[in-house]
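Right, one structure below, let's go through it.
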Amino acid sequence: MEPAGLEQILKELLLPDTERIRRATEQLQTILRDPAALPALFDLLATATDSQIRQFAAVLTRRRLNNRWRRLAPEQRESLKSLVLTALQKETVHSVSVSLAQLSATIFRKEGLQGWPQFMNLLQHSTHSSHSPEKEVGLLLLSVVVSSQPEAFHAHQHELLQLLNETLSDVSFPGVLFYSLRTLTAIARYVRPDDVSLARMLVPKVVTALRTLIPLDEVKACEALEALDEMLETELPIINPHLSEVLTFCLEVAKNVALGEPLRVRVLCCLTFLVKVKSKALLKNRLVPPLLHALFPLMAAEPPMGQLDPEDQDSDDDDLEIGLMGETPKHFAVQVVDMLALHLPPEKLCPHVMPMLEEALRSEDPYQRKAGFLVLAVLSDGAGDHIRQRLLYPLLQIVCKGLDDPSQIVRNAALFALGQFSENLQPHISSYSEEVMPLLLSYLKSVPMGNTHHLAKACYALENFVENLGPKVQPYLPELMECMLQPLKNPSKARTKELAVSAIGAIATAAQDSLLPYFPTIMDLLREFLLTGHEDFHLVQIQSLETLGVLARALGESMKPLAEECCQLGLGLCIHIDDPDVRRCTYSLFAALSGLMGEGLGPYLPQITTLMLLSLRSTEGIVPQYDGISSFLLFDDDSEAEEEEELMDEDMEEEGDDSEISGYSVENAFFDEKEDTCTALGEISMNTCVAFLPFMDATFDEVYKLLECPHMNVRKSAYEALGQFCCALHKASQRSSSDPSSSPVLQTSLARVMPAYMQAVKVERERPVVMAVLESLTGVLRTCGSLALQPPGRLSELCNVLKAVLQKKTACQDAEEDDDEDDDQAEYDAMLLEHAGEAIPVLAATAGGHAFAPFFATFLPLLLCKTKQSCTVAEKSFAVGTLAESIQGLGTASAQFVSRLFPVLLNNAREADPEVRSNAIFGLGVLAEHGGCPAQDHFPKLLGLLLPLLARERHDRVRDNICGALARVLMASPVGKTEPQVLATLLRALPLKEDMEEWLTIGHLFSFLHQNNPEQVVDVASELLRICSLILPDNRIPPDTKAALLLLLTFLAKQHTDSFHTALGSLPNDKAQELQAMMGLT
């Protein structure tokens, strides 16, 4: 085919005439099937006079070669390689140079360094050229090729860093700077430790280069900022010596209102990431105050004259109704503060932020006050524990006062803050319901039902507060339900109905069975919404599905008669409505129903799992982002015959190789769908057990693939579901066989899941994912027991992983700084350690005390160092609690650790904080129980602590733990050494008030007394009868405890009749008669 004929067709495609473009497209698709078309394209990319035709030819050539390179004759390959390099050197139009560089990258991937030495020669020559346009082309080519195949350049990292140190030194040529930064973006993550000093030299040059690019091209500057992100993300401390300079640059750009918002937002995103990965370095270099001083004016910025922030506009856009949905510098500045709260110790952040916060809230400027409430909202997320313990009431009063602010924008922010407080400060905030609920109800009634924008904000705060109230919601239930049912029964906007349906779900979560009087009305309304075909009600339908699932969980058995109808409703909607949110909410409904129906859901599982597997596999919503011109995608000209031929070709090249795709964007709804699908599958597998087995293999494989998903929440949900699958398989194997170890499916699943969990803890960068993995790991160990510790060596691997978390040596922990000078940690860090700590006692119980003891010895110093006087309350509580539960798991093997544990637990039993005291006393009790002779030596000192403490202790849980500890001491005391006054003191302190689990211990004591020395209870008969009369009607007391006490009393009645009847006489008549009847003495 002649180049001129092909060129004419390509020209037709550039005309603004739809019909001519259609005909030319058909011609082109036909021509490109002819092998002779390729040489014509080669000729055009080098010689066509029109730059658009040259670019067209380069892109089409690249797409043709993706799967056909090896089919070209060797001389054709060599000819094209030479032609492309020549064309690159001659080309003067930048867009064509980019396409030629991309074509070169495709060829390079096929040939490699060895197969194309001329390419490396050109790179070497052009990137070091003194002629700037030639150097720019060389760096363009380098950036594209290194991005395309970074592993090919690993051996040349040092030379590349040296080159970039040179090219970034001259700020005269923006193109050279831009492509130098793009190259750095591609190689930064591969920098080796011995090149750190060279990489550090680049940081000031990167900042200077960015400063040079910003006034010239903000779009390119945004793209070039990725180099900074990559340098921050590497585990090596490249940025640290220049952290102040980088921070100053970012803040300068963020504050500069003359610059475009996309660039300022992009820089604030970079700052957010910097805070996340360099929080300790920020503290060490005293950079937090200047950062906050720069952020507050950004957060308080007033929008342009006559405008409002997006979330304050009376817009019909539901996404802007609640919280921080805007894409402005203001909203991203708040996110930086959120990240500071998550990653800095509150003791270090709050002294800096609180004075600025108070000043903002006192300001006459409503935007200053708004900023104050937004900061309060995000502080409750990262510094929640600190606020709960020290600041909750005064801050809550400030927020409540904000609901009466004269400015609507401030009231909006106060509602958002109250919603965040309600979400993050549980359970403490619920104790203020008598103050908060009347305010919220009053505010809700003051908003006109038609004003859905403000109504949404009020409902957000109300829902978050109400759903955690439990029984405390009952006084407000009639008023709440009247508010919610009124717009549902009467004509109102669809959005108003959606908000009311959502609020009913939150109310149901709190009210539980108290909602039953309203249930028939609610169900009639939800049915109506779910069966309507009206398009305006689509979002009401979605919310109705979600609320139906909440009702199934809240009302339990009362909902059971409707379970099958709900199942059919959900399936019908999924089949007839193609919408990710409908599917997501339906799957959550199925999960809730599985809790009611159990294996009764079995007949529906084929349809349910088919739908869910389609959701897991779907690539819907995933949109490729192309570097080239999108119209070139029209010419994906492989005919069906060619595709079949390629499938048969043994030498077929990689299918997925498309250098035109620069990345993917995914609509959030589809990520949410995958996340909720995983969550629902995990729950359904647990609840339906054996009925789920036929679907286990397919669902397991699809969920496992999502461990590689780029979206954090999907990965988190996938890890959780895999753990639930293992637990479900264990449960099913117990049902079908007495020995779960005989289940090959369970063994295979554990063999895949446990290594995946350990790998995730080590390399996953997102803390919420790691916390979920640790929690799931603990659950699998607890359920599957020793099977989860196969093969041999697994116990050691698991202990090493947990130890890495405690030592802050995992990828998600900021541990590159020295921690010696400061033991404070962010609450987010502490939560991660707690999740690891919870696995240690479970490991001990699973492995067996004697097998675990050597590993516990390595955990012990890491836990003991968190019990020092200088540690925070949260750290002490965590460490002491972990030690206490580990002693239980170790059993008799704990005897060898008594000398190290007893003094620490004794000291912490005197702590001011009741939670620390409670944990320490529990630990002393279990150490007394299991510690054998070494522990018995400490009994006099232990009783010397516990008995006086019981007399003055005012916290119910601590008193209950003292009772449990005394019971354990009595059972563990050497025969004949039990002191009667200890037993009498213990019995006088009963019944337990809060820690009901300790009734098991008290029950064991009653059995122990009956079996070993029943005579000693004669003197305390009246106390035993008093306790019995109180606990017999209490359903919270374990039946075994009641039975053990009745046995003791029966012994008394038979062997010491006088003492028994004297004691019985001290009870009220009705109690005495009830007791005699239960003992068969009447």
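All residue numbers here begin at 1 and follow the chain in the order shown.
Using the three backbone atoms N, Cα and C, a Cβ is placed for every residue, glycine included.
Taken verbatim from Swiss-Prot:
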| type | residues | note |
| --- | --- | --- |
| DOMAIN | 24-90 | domain 'Importin N-terminal' |
| MOD_RES | M1 | N-acetylmethionine |
| REPEAT | 348-385 | repeat 'HEAT 1' |
| REPEAT | 390-427 | repeat 'HEAT 2' |
| REPEAT | 431-471 | repeat 'HEAT 3' |
| REPEAT | 475-513 | repeat 'HEAT 4' |
| REPEAT | 896-933 | repeat 'HEAT 5' |
| REPEAT | 937-975 | repeat 'HEAT 6' |
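For the repeat 'HEAT 1' (348-385), the residues of the chain that approach it from at least six positions outside its boundaries are 283, 288-289, 292-293, 296, 299-302, 324, 334-335, 337-342, 395, 398-399, 402, 405, 407, 409-410, 412-414, 416-417, 419-421, 423-425, 824, 826-828, 830, 874, judged by C-beta separation under 8 angstroms. Counting residues 6+ beyond its ends, the repeat 'HEAT 3' (431-471) has Cβ neighbours under 8 Å at 313-316, 318, 321-323, 393, 396, 400, 403, 408, 412, 415-416, 418-420, 422-423, 479-480, 483, 487, 492-493, 495-496, 499-500, 502-503, 505-507, 509-510, 512, 514 in the same chain.
A Cβ distance under 8 Å defines the sequence-distant neighbours of the repeat 'HEAT 5' (896-933), meaning residues of its chain 6+ beyond its ends; these are 853, 856-857, 860, 864, 867, 873, 876-877, 880-881, 883-884, 887-888, 890, 939, 941-942, 945-946, 949, 955, 957-958, 961-962, 964-969, 971-972, 995, 1001.
Mean pLDDT for the repeat 'HEAT 1' (348-385) in the predicted structure: 95.
Residues in the repeat 'HEAT 5' (896-933) partition by DSSP class (helix H, G, I; strand E, B; coil) as 32 helix, 0 strand, 6 coil.
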